[in-house]
Amino acid sequence: MSSPTNSVPYGVQILQKIADKFPRLTRIVDRENLYKYSVLILTFITYAAYHASRKPISVVKIVLYQNCSEVTTPAPINNTDPDWCNWAPFNAEHHNALFGTLDSAFLFSYGIAMFFSGIIAERVNIRIFLTIGMLLSGTACSMFGLAHYYNIHSMWYFIGVQIFGGICQTTGWPGVVTAMGNWFGKGNRGFIFGIWNSHTSIGNIIGTLLASLYVESNWGLSFIVPGIFIISSGILIYLFLVVHPSDINSDSHLNEKVQNGHKALERNGIRRQSPHRDYNVPEENEILKGSSEEDEVKEKTEGSPILSHLNGSPKKAVGFIGAIKIPGVIEFSMCLFFAKLVSYTFLYWLPNYIKYSSTYSPSQSADLSTLFDVGGIFGGIAAGIFSDMFGKSACTCAVMLFLAIPSLYAYNLLSSVSLIVNIALLVVAGGLVNGPYALITTAVSAELGTHSSLKGNSKALSTVTSIIDGTGSIGAAVGPLLAAYISDLFDWTSVFYMLMGSNVLAILLLTRLVKRELQNVD
């Protein structure tokens, strides 16, 4: 059992001591709401940092292999070698296949490890879990960039770094969803999660912009700077993230009862024997004994699973088999397989496609690709609002996936017409592609993790989240790999046909759930 001292982060303890010196301010500020919204902000920053560290590879691909005759030759370089501007081993004829291998090394390791990460997250200190994951993820990202400085050209080195990074990144999603679920209940869940889930798109934008700053001058920094960003964010999480309301309730409510107990003891001539903090002395345990509220608080630590504070008694965590038996988990997991296949193909290949289909420079292509993520922000929020309004998550996803098909076709056909047309189509496609992805990984996962079939046992959401997101991540690994080989063997138009076909399959997988929702079957 963790003591409150261990549960409350050091940074928060310092802020509490400072706040105690200003009692008037403390009475004005609602501490619980302050902690609640600090969790919203901190988890937002956390996952934005995770995604920012994933994005550099999609930007740097543009310069690892390019047409050197179109590149301005730096003065000191003898450009008699037609391949002088490329980085081995990516200067091979089928370079896209090599890039696809790198993407898949990261995403397959991420997808497989995710199934285990959620189970681990149910049982450990979430704040430490996230901190370690962020420090290691930042290290992995920086290691890729160090290849530029140490002149590393081994494909096995790059694959190893990608596998290591993929495993480390699995700490993020179960951790932040668990922390959010501990603080935010079911009311307006789709809207809240829709706004919160924009961290994915914001992180992609930050990662792209940071990488594009250095991509043409020093691509190593395109990885190292986002790596430093996620490491810094990890330190912030360690110092300030309060994972569960019981962590601060134990520090306030319990402490108040302890103080009252001391006064009662002193009135009877009994003096305190321990110099330690109030909630650690033996007498205080006697004072609090028999109080169901305090016993419940003491039993809960920041390793408690998502939404466990909504139930009166601790229950055993739901296992993998039990989680996949929850109605809707398999359907939404397979739908997310195809939804993330499309989304991650854009994530890893959009800057390269823009460069290929236009006359923009590598940095301009990278910057323009961020408009897809801008659309994703609005798409995620819209999906959450519609889901809240109508209570039909499967229908919302199916409609957006259907509308995404003509938007993808139009982007491939018309993106080269003008910059304005390109921007408009990118925003629309981004919203329709990322909306269902955002809804399934947040509000839908939260709903399934507290499904009525669990009979009040809420200790399932990290596991459910890991199953859904893990399955989706396998699709995310398949998409960029298929795009790499299809673009090498055929052309980019064939890649867009593959993406449209994936959307059709995602819709078909939701058919049964859509029918149930339209019939108002719970």
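Including glycine, each Cβ sits where the backbone N, Cα and C put it.
Sequence-remote contacts of a segment are chain residues at least 6 beyond its ends whose Cβ falls under 8 Å from one of its Cβ atoms, and for the transmembrane segment (34-52) they are 12, 130, 134, 137, 169, 172-173, 175-176, 179-180, 182-184, 196, 199-200, 202-204, 206-207, 210, 226, 229-230, 233-234, 236-237, 240-243, 245, 248. Residues annotated as transmembrane segment in TrEMBL: 34-52 (among others).
TrEMBL lists 42-518 with the feature domain 'Major facilitator superfamily (MFS) profile'.
Within its own chain, the transmembrane segment (97-121) is flanked in space by residues 54, 57, 61, 64-65, 89-90, 129, 155, 158-159, 162-167, 169-171, 173-175, 178, 317, 319-320, 344, 348, 462-467, 469-474, 476-478, 480-485, 488, which lie at least six positions past its ends and keep a Cβ under 8 Å from the stretch. Annotated transmembrane segment per TrEMBL: 97-121 (among others), in sequence order.
For 128-150 (among others), the entry in TrEMBL reads transmembrane segment.
Long-range neighbours of the transmembrane segment (156-179) within the same chain, counting only residues 6 or more positions beyond its ends whose Cβ lies under 8 Å from a Cβ of the stretch, are 39, 43, 46-47, 50, 53-54, 101-103, 105-110, 113-114, 116-118, 121-122, 126, 129-130, 132-134, 136-137, 139-141, 143-144, 147, 241, 243-244, 305-306, 441-442, 445-446, 461-462, 465-466, 469. The transmembrane segment feature in TrEMBL is assigned to 156-179 (among others).
The transmembrane segment annotation in TrEMBL covers 191-215 (among others). With a threshold of 8 Å between CB atoms, the same-chain residues lying at least 6 positions outside the transmembrane segment (191-215) that come near it are 40, 43-56, 58-60, 62-63, 180, 184, 221-223, 225-226, 229, 347, 351, 362-363, 366-367, 369-370, 373-374, 376-377, 380-385, 387-388, 430, 434, 438-439, 441-443, 446.
Residues 7-12, 35, 38-39, 42-43, 45-46, 49-50, 52-53, 55-56, 59-60, 125-128, 130-135, 137-142, 144-146, 178-179, 182, 206-207, 210-215, 302, 304 of the same chain, all 6+ positions outside the transmembrane segment (221-243), place their C-beta atoms under 8 angstroms from a C-beta of that stretch. Residues or ranges marked as transmembrane segment in TrEMBL: 221-243 (among others).
Residues or ranges marked as region 'Disordered' by TrEMBL: 283-304.
If you look up TrEMBL, you'll see 329-350 (among others) marked as transmembrane segment. Sequence-distant neighbours of the transmembrane segment (329-350) (same chain, 6+ residues past either end, Cβ-Cβ under 8 Å): 54-55, 57-58, 61, 99, 103, 107, 204, 323, 369, 372, 394, 397, 401, 404, 408, 429-430, 433-434, 436-437, 440-441, 444-445, 448, 464, 467-469, 471-480, 482-484, 487, 495, 499, 502-503, 505-506, 509-510, 512-513.
The transmembrane segment annotation in TrEMBL covers 370-387 (among others).
Tertiary neighbourhood of the transmembrane segment (394-411): same-chain residues 328, 331-332, 335, 339, 342, 379, 383, 386-387, 425-426, 428-429, 432-433, 435-436, 439-440, 496, 499-500, 503-504, 506-507, 510-511, 513-514, 516-518, selected by CB-CB distance under 8 Å and a gap of 6+ residues from either end. Taken from TrEMBL, the feature transmembrane segment covers 394-411 (among others).
If you look up TrEMBL, you'll see 417-440 (among others) marked as transmembrane segment. Long-range contacts of the transmembrane segment (417-440) within its own chain (CB-CB distance under 8 A, at least 6 residues past either end) are made by residues 190, 193-194, 197-198, 200-201, 332, 335-336, 339-340, 342-343, 346, 354, 358, 368-369, 371-376, 378-380, 382-384, 387, 393, 396-397, 400-401, 403-404, 407-408, 410-411, 468, 472, 506.
Per TrEMBL, transmembrane segment is recorded for 461-486 (among others).
Tertiary neighbourhood of the transmembrane segment (492-510): same-chain residues 331-332, 334-335, 337-339, 341-342, 345, 349, 353, 356-357, 394, 397-398, 401-402, 404-405, 408-409, 411-412, 436, 475, 479, 482-483, 486, selected by CB-CB distance under 8 Å and a gap of 6+ residues from either end. Taken from TrEMBL, the feature transmembrane segment applies to 492-510 (among others).
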